[in-house]
Structures are given as structure tokens and as C-alpha cells.
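Below: the structure, in C-alpha cells.
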Amino acid sequence: MLPLQGFNMTYPRKGVMPYPSTFLYREEPSVSTTECCCCWLCRLLCCCSTVDSQTALRDRMNASQPPPGGGGRLPDEVYRKIKAVDQGQSTLTQSGIQGLSARTLDENQRGDLVFQLVEIIKKPGQSLGLYLREGNGKDRSDGVFVSRFGDNSELAKSFLMSIDDVVLILSIPRRLLLRIRFSKSMRHEVITSRSSERPVVVFHKYDDRRDSETNAPILSQPTSTANTWLGKKSRQQMEEMRNATTTSTMRAAHASTSSPRNHFAPRLVNGHSQPIGVPSASSASTSDHHYQRFASEPSDSVSRTARVPPPRLASATVRRTESFNSAPGVSSSAPMYTLPRSSTAVPPPDIIGSIPHSARDPLMRSDLPYDPLTGRLSSSVPTDPLLSRSLCSPILPRTLRQPNDSNKSNSLPRRRIMTGGRNVKWRNDVVSTSDLCGEESDGAISAPEYSSPPFSRLTQQQQFRLSNGSPGRTVNDIFSAAEYRNWAGPYDPRGMYGPYPPGQRTTRWSHTYGEQRAPRTSSLPGRTVLAQSLVGSPVLPRHPPPIVQDRPSAVFDRYHVSPLMNRRAPLRAAGPGINVDRLSVSSLTGILYVHILEGRGLKIPEKQKGLTEEMYCVLEVDEQHRARTGVSTIEQKFKWRETFHIDVVNATVSNFFVYSWHPQFRHKLCHKGSLKLLEAFVVDQLNDDRVFALNLEPRGQLIVRIGFHDLQAVFRRTVNPRLNGVFGVPLGRLVQRERRDTPIVLTRLIQEIEKRGVDLSGLYVLCGSVEKKKMLRAQLESNPLGTDLNAENIPDTNVIACLIKDFLRELPEPLISPQIHGMLLEAATVALPNDVQANRTLVLKIIDCLQLSAKNCLLLVLDHLSTILCSSPHNGLTPTRLSLIFAPLLFFCLDAISPYTTSPTSKMAAVRSLDMNQASSSLQMILSIWPSRVNSESGSDSPATSGQKGGGGVSYVSESQC
């Protein structure tokens, strides 16, 4: 074929589509139709041509007008026929055919060359998938050749065109007219070679296991991986290896049939235990039928791929080797040979030495001959060099494989389970092999032919050549961090091995990505290929036995430095101190420190702008109202600057609400936001604080500082070093210094609350401001008797209630010691449900065993709690809720040396010093039998206290004297 001689182009008026243009080419007898693998694509001519493209082609070709006769060696009648057909109406269009249609209008033959005039009609916007190029890429730089067809090309399905057809005339845009030329013998050879290919394996085993979905061909359904470079490269390697293996297998079969050793050589069998190649009475008549049936089956998508390059491969049927490893009713003592899945895992030459140790099982030894001289299995199976040196690999029978399939070929993409990934940046230089070669459930069925460790080794060249021949570009540059993280998430083995063994640590991310199993993205390669491309180390076992020991958290997890899903927390620089291990608790129990700094971007609703400009913030923990700030205005920039110490039990979520305030009108909700407490403390673990910019709805942000101290940090029970202090001083020293039965501070605070009324809603639940509490505490430390506690000076009753809890919490020793607590637990086991008086006497006798100072304070507190329970319908404090508040204050103390037991011979369990449920149950038992308080003017020998302010006081006497 010679270059373009001329073209005829008619330009219409402005705004009108051009008439079909005709490109005329001159032909010569000898045409090379061979295409080089490294061809370049000239342009895609599947849509309507434009004036710009025609002008560019005209300038590049520098062509002239064609001669009147049609030009070149093309006959004039052919040119006139093409022009007439182009200007006429299409019969395909008149027939109303939808979609793309193609037909041959004219065909003639000159010797070995065939000329065809092809008409193609397509609907608007449809791509034909036809690629043309200049030159054949080998010895011709001019002329137009059909380079290749795209994926799912309509032209390829019509079978009217083929690769390397020479385009003589191209007419567009109304309909596509192609005058093509091809060699009849060349196309016949291509068709013959395609039809002569046969399946490698003729035995098909059906498996009815539960994981049949994963047993299906990996690429049986088109996925996103099929369109990626890695997927095409993998299928290309499979096709090359299949061609090489077919030749080697045919040679080996010929050698084995002609050799006397063929009685012992491994053979392929069919479904009726008949060796292939040995005809039988039942199979001889149907052998041709089976042979043709397998040849006509639709090919898998593994082999139906466009080579990169060449663009198109012949179709063939490649079955999964899992389906051919054994046959029913056939002894599986001899290994069978079949096609490996890919060239990334070629077995070593020594096959006999790779039999796993499971073959030495006494139940299996009878299947293989045993050599008494060598003490090993007899090696009567020949090691034919054609078999051992080829690309065929042995498939050991299922009974001879290792139960722990630790190394599997993982060169092809797999469908795996995933969840929604986190969009967190990750680094390529911090990923180790141990983090990548994790457990994966599909390994046992992905490539069962490679069950021994040497079978799944990648070569050094393959480890770093996972891109277009570039050793420097790895999978890191191909796939995103989110896809990699979803793929690399360690598999949660609890579904296979049960729950985690005791003491084994699990990371927060492994629980998130490994427990829930959902379809995995198919745009990633197998775990083995990606791991070796990143690290360059041998493949590690994918199913290691569970080890009961603490393991460090995944390295790439340490660099996920944002603790929140929606980025409420600022990112912190990664360092050795960052630890994002999943917290060992599912909720928080202790003291929650919340510092509400200010609000940003807050706006009052339009309806209330004329009424008020003041707003306040409300804090809820697990949907319970726990704190409230004062009011602030927009002139103050909504800077509240208030701190709250909230005692929480099994807290998980905190909610923030911003209300507008008005003394007469109803308060309106303006903004709201929520924060998961466990996510807030995941970076630095517990017992620390950090600042968050909490996003509010519908707009604005709330700047808060949140900290937490667990029970071990709260109830250390240390002594106040101040000699004249009041809080944190041993109780005996304090009452001795003050010469009172009970501490003055505790007595005055309780009296003030009862004076204001115990029916206040949220009493001991709402928290007062820490700033106001510190001011009142400083006054009580300096002058316990002279401090003014009236409502004018301290309007917030919650501040006084918080000081009572602080006083009991900071005592060096709890009011109820662990020994007395153990006695109460034992009394609960012997208490009679119907004898209230006997139970009361027993409990009071146990309390009488306390020290005098502790007993007097306990009586004061219990009488106060009993009074609060009398107003339970008003204040909302039930015995259970009140016990959860005061049980830690009365019972808890940190004792890490040894737990207290009830008695040396007691059958009761040890007293757990920080057990909330145990302490709450004990306090509920005491409150259930505690007598109501009676005011008495007369004196008594009761150890109950009489608190005094100035010269007067009120005496509290219990009915039952201790």
C-alpha cells in the first residue's frame, strides 16, 4: 500500500454539516499485514469527522485533488459504486434497525487479496471501537491499517473486519463506508489457529462447598480490575504461560506414552476414572463430542482480554485448577499436573521433595509405596525433565496437602470483604511485611496448587516490575490509600477460630475493617503480590496459628493521627508517642473534664434578634442533662470559659446544645453538636485532655477542651500536704483539730442544701462551674465557720453539691473501709427478705464497727441521702441512681497490692475495690433498711452529730442507737 494520493472534500455553507468526504488510496500487490507489538495508535475514527480534523489531515498529508477517474489503481467502477452508495439511502436505516449494524455491500477477489465494501450504521453517540494507524509498525510508515478494536467493540462482533485489514477508502460522517483489503490466506491462518486451541484440562469437578462463590473463576464477571493495567498484565502472563504449557504438556504426554514408565507416571483422568488417551468402550464413541463441546464453550474473561500489546488474543477456555485436583472414586495417591494460575509463582524443579509432612500420616502411607531401605516413600514416580522443568506444577491430592495453607499464589486480583474506608493519608515507607501479609479467608481456595512454601515465591524481577516495565514504579503509585487500606485491613479470625484468645491485643482498625465482611473492591491485586512489591521480601504465611501474646499495633495505623471521623480534632504530627490502639473499654467511667471555651459563627434566629442577644450552652452525657453555662452575648463573642467536672458511669456520647436566653420568653434551641467520647481519647489514650473544634448544626463551631480521669486516677486517696487544710485531710485529725464530731465543712454544706430544699431537680446530677467551686472552696479552707453560704452569695446549689462530693472523694480513706464492705457483702447473703428489723439491726451492728469519726460522718451522710429519697418524685433521684453517685465516694479506694476478703474461711468473693456494681448494691442495701431521721431537741448518747453555726444547731438522732 502506498501513501495517500489525493482526496476530494466539499465544504458546505457555515453551520451545515459537511458532505461525506472520500479518501482515496493507491494499492500495490505486495502488502505486509504483520503488525508490530509496539505500535502507536494514530487516532480514533469512530465518531463523525469535523472540519478541523479534516483540515489537519489535509495539511499533514499535503495531498492534491484526485484524478477524474478515481485515481490510483482503484477501478473507476468501484469508485462510482462507492459514491453512489454513499449518496443513496441506507437500507439498514430504512429498516429501522436499532443500534449498530454492518453489512458487506460489495466483495471481489484478485488472487489472494479480497476487497470488501463495508457499510456501518451506528446510533448517535455510539463508539465503534475501531482504531486506525499510519503504517504497520514494522516496515511501513505510510498507509492506513486497522490497528485494534476496543473492549466490547461492535465491529469485532460483526466479524466483517479484522486486525491488519488495509483501509482503502474511508467515508464519514453520515454512515461509515470502509473499502478494506486483506489477504485471504493470512485471515484463514488466524481463524484456523483460533479454532485449533483446546482446553488444557478435560476433567471438570463440581464443588458444592459453602464458599462456591469464591471458587468461581476470579474474573468470570467483568470487574473494575479488568480495565486496569495490572489486570490486563496478569491475564497476558496467563495467556503466555498457557501457550508454553500446552506445548510442554503435549511433549510430555508423547514421551510418557512411548516410554515403559507410563504405567507409573502421573496421568490426567476424566470423570469415569479412565486415563486420558486410553479409549474405553463407553467413552470412545463420545470422545469427539466432549472434545468439541469444550472447544465451543465461551471463554473466560481471563483469556478474553486485549493484550497490551498486541491488542487482541485468541479465545480459549482456562479453568480453575481447584476444580481438577482430584476425581471422585479415584485414588489420589499420585500427583496430577495442571496449569499454574500465573507466572508469578513457578514451582521449583524438585517436586518430589516438596510433599508435605501430612503425607506421612499412617492413614495415608498405604496409598504410596514405601522403601524399607531408605526409610522414605518410594520415588517410583519418575522425575521426567520435561515435566519437572516445565511450567506445569503438581497438584497434590487433598489428603496429602498441609491443613494450614499458609502460602498461596496470590497473583490475580481477588474479591474480598471490606467496609467503608477512612480517607487518611498513608506513607509508603512505613508499611512492613507483617502488616501486609495478614490473614485472608480466600487463601485456601485461591490457588490450591501451591500449598508448600517454595511454590509461592516471587522472583526478584517480578517483585518490582508491577507497572509498565518500570522497576521504580510500584503498586503504591497505582492504587489509592483508601483502596490499599481496605485491602490491607487484617482479617478478623474470630469467624474461623472463635473469639480472640485471652491476652491477645487487637488494634482499633483491625476491629473496624476485619470484623464486618462486605465485598472488596476489585481494583487491587492479591495480598501476596502487593506485599512483595512494597517490601521485596519472601511471602509470609497467610494463616499463621493464633499466638497468645501482645503484639504491637499495625505500623500504618500509627500514622492515622486524626481520632474523629469528621475531622473534629486537629491533626497532630506523627511521632513515637502516637498510639491509636483500640481502647480496652467500650465506655468511660470516671471523671469527665469539659471546658467550654467559646462559640464561633453562632447566630441567633431572626425571630429572636429583637428580643435577646444572649445565649448559653447545655451539656448532656448519654442524654442526661449534666451541666449548663452562664449566658454570653455576641459582644462578648460567646466566650463562656467555664469548666465542669462530671462523674460519669459507662458514658459514650456527649451532646452540646446552644439555647437563646430570655427572662420572660421560652428559650429556643439554636445550635447542637455531638461527640463520641471514645473517639476523642483514642490518640493519647485516657487520662489526658485535648481541644476540639466541634462542628455544630446548622452552622458554627464550639471550642471545647475535654479530658478524662479513670477510677484508678480519681480514687488514689492521697493526703493533703497542707497542715491547716480541710479537703484531703485524714478524718480523725480534722475532727480532733476542730473539736467536733463531724467536720464543719461537711456539716454546713449538707445543712445548706437541706435548707434550700432537697426537691431541686437535678440535685447531685448537675455539675456546678469549677471556677465558682474553686472560689468557694478557697473561702472554706481559710474560714470554715465564717464563709457565707446563703443563696445571695452562692446562687447555684449545684456548686455546693459538688463540694460535698469532692470532700468525700478526697478523703485519704473511704468512710466505709474494705473490711466493713466485706462484712456488708456477707450480710447481704444471709439477710432475710421479710424480716426488715433483723436486717436493720445486723447492718447497724456492722456500721458500729467503724472508727468513731468515720461512723459519725457516715451517719450524717446516710441521713442526708435518706432525706433526698423522700423527695424522689420531685428531684428524680431513685435509689439506684443515687447509689451510682455516692457508692464510689463511700466505698472506693485504690488498692493495687491485694484485695480484701471477707474472712479467711469465707466463701464470698474478694472485695473489688473499684467495682461499681458491687459498691452500688451494698449502698442500696443500706438505704433500703435505713430508718428515717427524727429531729429531737433533747440530747442523746447517739454518736450522731450536731452541726452548729454560731451558737445554734440542729441535732440529728437516729432511731436505732449504735
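Glycine too: its Cβ is placed from the backbone N, Cα and C atoms.
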Per Swiss-Prot, which of 192-226, 437-471 is region 'Disordered'?
437-471
DSSP on the domain 'C2' (572-696): how many residues come out helix, how many strand, how many coil?
7 helix, 65 strand, 53 coil
DSSP three-state assignment for V765 (site 'Arginine finger'):
coil
V765 (site 'Arginine finger'), Cβ-centred 10 Å count of other Cβ atoms over all protein chains shown, is 20
